[in-house]
């Protein structure tokens, strides 16, 4: 599809959603609202997910990981061809900000529901985006004009501009591949970790450096732009409540901004998008310092996780707007809308807030979302779903809306108390605590939360989760069965106890029934705080060992880096001593409680 208004633009007739979870459900429902048939795709672990069932058609991508499924260009384009879909919506994450995939979709003769590949390329490269922002006269803190070539350049920048500094993935976002250095000595390790995370998440490891604003707010502008040069800011959001630089709570409009700050954000966001020749839905992100200084952060060239709070306060369906823009239509709004009330979104992630938000994969044995006035739940799971470690940790999003911020907070307290999830740890206990925390509630002078507030100031009294069941991949063996539907050969995967039998109650050929592993309720093992063993605090993959056999360490030294749900997690020494008995190797998949090494 051409990216300019002067050419003839095809119209969407059938949408393939190249994603999973709650965003796939969200886009499928929008397609139904628009009268468009939808197509889902899925990896093997998602075969029974709600988005697969809700779509008009679903095609298996195969594979257990993102790389084998949702990141595979050929498989997704093949599913589009087989289904007859003429448009692809990427959701967010995965291939949503991949310019090469956007171009491949267009080259295949399909409609790409998103910005042009060139805009994605320019704004997705954080260094190029800074150049665009500078030309648009957006506010900016000092940073390297191009990616750095090594840790030495990072050290040189820190020595010139001072600490703290942020090392950031040049081709990513969402907190992945971002590390903050507060001392010169930690720069080499943090740079190496940022490069690893960036490579794993985005396929490219280049990083740039900029001065880090201490205790900033994260404020952003939701932009929608058509292919005729019209740009509107649908509203602002505050996303300051984060852990590991990934958002947990978002609200709209951004509270406690001056009229000048709000105007500067709206105006500069529009200038940046026009400078980049942007069309589609996008988000221009800023940091706001304690002194009120505003600094451009990045542009996310896709729909954001937190888009529902803007929908609730602006009265705009942003996914439907994406469809209309992709169809070549002009925006049906010409001015920035005035916010209607206040909305807050809470991400319901599979993480244990009582253990520093460690990823906590597991089965969802009960999912009971709240309802009532001013309550919306966007979910990608249901009772019986299994949250594995292959993908990110989000189960659902709770969105509350009120006449003002106070009413939204009151509804949030009620809805969070109603929200029931069993079987695995979630961040709901954190949300219940934060909506009553004076730092977040604020007063006439504003609130005191910032992007590092959770890690540095929040008093975490939440008990570690103990009521779940361990994830047992073998509990329900599956069998693939070939069936014909209207003459079309379809391969389906069924639980073995539901698969076809010979009519006498015997197991189907090739099905091996496994006795379920005994489950211990309440079992909970974290990283050792005493004794010699250094144990894995979570299920995940060993990325690297930072120590060698016989090496002397002191308490707090990095021992091993684990990866789970697309985030790296350091495991440190709990006491002084000598490393012995390195028990696993880099690349090994481990479970919570696995002994990684001992300190004698």
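Quick reminder: no glycine exception, Cβ is built from N, Cα and C everywhere.
So that you can see what the record holds, here are the features copied from Swiss-Prot:
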type	residues	note
DOMAIN	11-455	domain 'Biotin carboxylation'
DOMAIN	130-327	domain 'ATP-grasp'
BINDING	158-219	ATP binding site
BINDING	285, 298	Mg(2+) 1 binding site
BINDING	298, 300	Mn(2+) 2 binding site
BINDING	298, 300	Mg(2+) 2 binding site
DOMAIN	524-600	domain 'Biotinyl-binding'
Please list the DSSP helix, strand and coil residue counts for the domain 'Biotinyl-binding' (524-600).
0 helix, 35 strand, 42 coil
Under 8 Å between C-beta atoms and at least six apart in sequence, can you list the same-chain neighbours of residue 300 (Mn(2+) 2 binding site), or say none if there are none?
92, 97, 173, 282, 283, 285
Go through 214, 285, 298, the listed binding-site residues, and name the one with the sparsest Cβ surroundings, counting other Cβ atoms within 10 Å.
214
Model confidence over the domain 'ATP-grasp' (130-327) (mean pLDDT, whole number):
95
Length of the line joining the Cα atoms of residue 206 (ATP binding site) and residue 298 (Mg(2+) 1 binding site), in Å:
16
Three-state secondary structure, which DSSP defines for residue 158 (ATP binding site):
helix
Where does residue 198 (ATP binding site) sit in DSSP terms: helix, strand, or coil?
helix
